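Database features, via Swiss-Prot:
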- His50: active site (ACT_SITE)
- His96: active site, proton acceptor (ACT_SITE)
- Tyr53, Lys92, Asp495, Gly532: ATP binding site (BINDING)
- Glu94, Asn533: Mg(2+) 1 binding site (BINDING)
- Ser95, His96, Asn97, His98, Arg117, Gln241, Glu313, Ser314, Gln315, Ser535: substrate binding site (BINDING)
- Asp118, Asp269: Mg(2+) 2 binding site (BINDING)
Amino acid sequence: MTLSNTIQITPELIAAHGLKPDEYQRILDLIGREPSFTELGIFSAMWNEHCSYKSSKKWLRTLPTKGPRVIQGPGENAGVVDIDDGDCVVFKMESHNHPSYIEPYQGAATGVGGILRDVFTMGARPIAAMNALRFGEPDHPKTRHLVSGVVAGVGGYGNSFGVPTVGGEVEFDARYNGNILVNAFAAGLAKSNAIFLSEAKGVGLPVVYLGAKTGRDGVGGATMASAEFDESIEEKRPTVQVGDPFTEKCLLEACLELMQTGAVIAIQDMGAAGLTCSAVEMGAKGDLGIELDLDKVPVREEQMTAYEMMLSESQERMLMVLQPEKEAVAKAIFVKWGLDFAIVGKTTDDLRFRVIHQGEEVANLPIKDLGDQAPEYDRPWREADKRAALPANLVAAPEDYGQTLLSLVGSANQSSRRWVYEQYDTLIQGNSLQLPGGDAGVVRVEGHPTKALAFSSDVTPRYVEADPFEGGKQAVAECWRNITATGAEPLAATDNLNFGNPEKPEIMGQLVGAIKGIGEACRALDFPIVSGNVSLYNETNGVGILPTPTIAGVGLLPDWQAMARIGSASEGDRIIMIGVDGSHLGSSIYLRDILGSTDGPAPEVDLFAERRNGDFVRSAIRNGQVTACHDISSGGLGLALAEMAMASGKGLNIDLGECKGLSHALLFGEDQARYVIAVPADVADFVCINAESAGVPFRRLGTVEGDALAIDGLLSVSVQQLRQAHESWFPAFMDGSALAAAE
């Protein structure tokens, strides 16, 4: 069989499609001929890192993905976890890094749109969103432009679609100067017996195109997302998709309405690689072939080629395998919502992916080799060198503890993110119980009197760089801890693994180490990974990002009225630290932001202590013994106390007399498995007795009183001063005054 080729397939063209010479040879061996230009594009899209996970698949298989509550693990559009009463939560996190650097508004907006589609494709109504954003250093000339565009894009799409943004992260570091990260998370609610999957079943059934029309936007987007950046980056702007949240809202309602009719056999959103990836995945999963007739595809631009139509990443589109007898019902629903509905193909029994355009066959390929049998690499990797220990007595103590604390709470990475989250609608749908700014976002489960879900997103990239294994463990542990700090039971997680070029053994070593750490922590904490995304080649001119394996998790609150908040302490409450005294200053923000050093190892994560301490805190919260709770993470005990004081507006009188160690390590050490809790005075003794009997280390620290954070003669800073420092950096940065002052 030979397909006509109007474009010569040259080594340069092959390389431009991101295919290595040995991969192209594999294509020749598979199909026994030269591929057509359209086929080359299809292979390029399906065999790149973004779609095939060819560098990471071996290691992803080692992650724990099952558990008593897991209904659907990795391999579908999103993970599904049981939350009792016949309900389930559907969630996933995914990156849109490269597009957001090139075109920040549309890149971020379509990142939100794509993750929302992943959720409602499964039959779930989205109820919460988060985003983890990482930008270059604040004084880099592009950073403010990128922050402004990304935040506007996230808010513009999410707000218009109608989903509350309940949490996330914003971090600045020079290593993201040329390659920002935009990791978008969404969660939705569905009935456990009404989950829709992408696996096609049945021969000769109609393949239906749903949603918006196809244009040229995003052609080659998946291939771009699997490449490094260089000076030609601006030329890649046409590969960024354009989103329309109002069309997506109509698509959501039409899909959920259609799903009630029994018409849907399989459904897949069109994301990376568009029509190509969705059709191949549906067929390959079901051991079926797919035939597409591109003349039936709704288009919004004239004279589109087969190549452009197959690789377009136009947004707000779905592909579905339909019960034939339900065609009229299905079409009526989509017409009602003002959306396209077109039968563009059929399922076949020959395991071929066949594409017809203008009456000619432009692609005829083995579907399994495009999908789940794509190339897989066992890349060489090198373990990171262990950093030398950094005892606290070798780290300089601050001359002025109060000024040091003010500097930390007002720094680029620890200051309030209010400027960001106030641009997001956090209250739409009317179920938000905890908003951004605390440990986790909390959303009430619609239709249930007491049940709620908690959401958190976490990673500490400087730890992962220092020690990928411990950093991977810590990302999971902090997510688990933040969910626990509300009183919720952590159920499951999704991972978004952002790394540099995996062809470099040291970068591949970071990825391998982090996955090993994530796996160990997930197993120890019964916190399985049920969905996720890998984003590699995050490099510009050979400079890689900080390794950033973001972990987003979901927890269940059986009764949200027994929930803890960071800022709900009452006057006279006693402050207790759960966990060991601070001692670890290696890779800390005190070391980085105050002393200008990145030395030292990451803190070790004792997963047994993490589990024991967290279970104790959760139990105390659910028993009504805790009025406020906050996890201790970056900045140590000092920053955690400051954040609690700012959130409540009340002072804290703290005595470190019982603590053992150097004052700066006690305050700023970033030892793990720790919380600060506020408890009523009349139950403080009871809580401490319970902790002692459970083998949980604790320290009585002081009392909620006054209007200042006063620590043991070391510092006394008014809550007003703390808030002023905490709230002022971001607005000043965005209006330019912070940079002007720094100059």
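Every residue gets a Cβ built from N, Cα and C, even glycine.
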Structural state of His50 (active site), classified by DSSP into three states: helix
Densest Cβ neighbourhood among Glu94, Asp269, Glu313 (binding-site residues), 10 Å radius: Glu313
Least surrounded among the binding-site residues, given as Asn97, Gln315, when other CB atoms within 10 Å are counted: Asn97
Extent of the ATP binding site in Å [max Cα distance among Tyr53, Lys92, Asp495, Gly532]: 16
Asn533 (Mg(2+) 1 binding site) versus Lys92 (ATP binding site) - Cα distance in angstrom: 8
Cβ within 8 Å of the mean position of the Cβ atoms of Tyr53, Lys92, Asp495, Gly532: remaining residues of the chain near ATP: Leu60, Pro74, Met93, Glu94, Thr494, Asn496, Leu497, Ile529, Ser531, Asn533, Val534
Cα distance (Å, whole number) from Asp269 (Mg(2+) 2 binding site) to Asn533 (Mg(2+) 1 binding site): 16
For Arg117 (substrate binding site): intrachain residues, at least 6 apart, with Cβ closer than 8 Å: Asn77, Glu248, Leu251, Asp269, Gly271, Glu316, Met318
Greatest inter-residue Cα distance in Å for the substrate-binding set Ser95, His96, Asn97, His98, Arg117, Gln241, Glu313, Ser314, Gln315, Ser535: 20
